[in-house]
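The structure appears right after this line, and notes come after that.
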Amino acid sequence: MPVKIPSNLPAIELLKEENIFVMTDLRANAQDIRAMRMLILNLMPLKISTETDFVRLLSNTPLQVEVEFLRLDTHTPKNTPQEHLEMFYKGFSEIENNYYDGMIITGAPVEMMKFEEVSYWAEITRIFDWAKSHVTSTLYICWAAQAALYHFHAVEKVPLREKLFGVFKHNATEKKNPLFRGFDDEFYIPHSRHTTILKEDLKGKDAVSILSESEEAGVAIVSTRGGREFYLTGHSEYAPLTLHEEYQRDVEKGLEIDVPHNYYAQDNPQNPPVVRWTGHANLLFNNWLNYFVYQETPFDLKEVAQLDEIKNNG
């Protein structure tokens, strides 16, 4: 089934060029189907590209997914036209009484700042808390993963000596977890970050499970509350050229930046990238939607607030 998005969203034309089926809200409203309601809090600077990345993954599923985009009320993006935000995004005050089957909170370019110094820290932690009782399962991506682990479990992020940048090999530490159903023994995930979380800081935390690691990239996927939250330190959603665009941007700025690891053919930036991650990225999102959203969510979304109690008593 396709993903349902607003009729004029720029991602529609981009995804049609990739032969990906999306359905506008006008057509979807004519179908008698209870679509999965998905909320995406997009903190990335290039919002249209990020919208496209996630819609691409959400569209490759037999489920119909209805996507809404959320913006922060206390932060005004510099790189996205205000008209785009007003047309396609809602503020938290507009949706805080709603319930959702799934939610994705993206990374943000603030990882070098202390969490409490981020201008929208109070608002985003309020959204973190709200999601626990209003969303069946939430994906926290990159900085959002670090921020949520800090907020909920007091896990500090740690600076890296040099930027972790490229495509890295991973394995599942809990292979029987449904999130990895159909996965190979090894799979690849792009990373682009200056900070990390340490395995030893996660050990001993109540109900925190490390699901995937990498020898080079460290902890990759963590879950809590039986899959009500997933924390992904990498960027499985990245399009094939995203790392290339980041690399070229930093080169043009005159910044010291290594060629992204294991990305270009023969590690030569004059060559095209070798795409190693998109198959498992699609499988990851399919498994999340199927096993942790669709199969766990109540038909009446208002019951999400009692979902933990229902599961514990069941």
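Just so you know, glycine gets a Cβ as well, placed from its N, Cα and C.
Note that the structure is a prediction, hence the values are computed from the model and not measured.
Annotated features, as they stand in TrEMBL:
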SITE      Glu111  site 'Important for acyl-CoA specificity'
ACT_SITE  Cys142  active site, acyl-thioester intermediate
BINDING   Lys163, Ser192, Arg249  substrate binding site
SITE      Ser192  site 'Important for substrate specificity'
ACT_SITE  His235  active site, proton acceptor
ACT_SITE  Glu237  active site
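Of the listed recorded positions, namely Lys163, His235, Arg249, the sparsest Cβ surroundings within 10 Å are found at Arg249. For the recorded positions Glu111, Cys142, His235, Glu237, a Cα-Cα cutoff of 10 angstroms around Arg249 (substrate binding site) retains nothing. Other residues of the chain with a Cβ within 8 Å of the Cβ centroid of Lys163, Ser192, Arg249, the substrate site, are Phe165, Leu243, Glu246, Tyr247, Asp250, Ile257, Pro260.
When the recorded positions Glu111, Glu237 are scored by other C-beta atoms within 10 Å, Glu237 scores highest. The CA atom of the residue listed as 'active site' is located 19 Å away from the CA atom of Lys163 (substrate binding site). Put simply, the two farthest-apart Cα atoms among Lys163, Ser192, Arg249, the recorded binders of substrate, are 15 Å from each other. Sequence-distant neighbours of Cys142 (active site, acyl-thioester intermediate) (same chain, six or more apart, CB under 8 Å from its CB) are Thr106, Gly107, Ala108, Glu111, Ser192, Arg193, Leu232, Thr233, Gly234, His235, listed in sequence order. Counting every protein chain shown, the Cβ of Ser192 (substrate binding site) has 18 other Cβ atoms within 10 Å.
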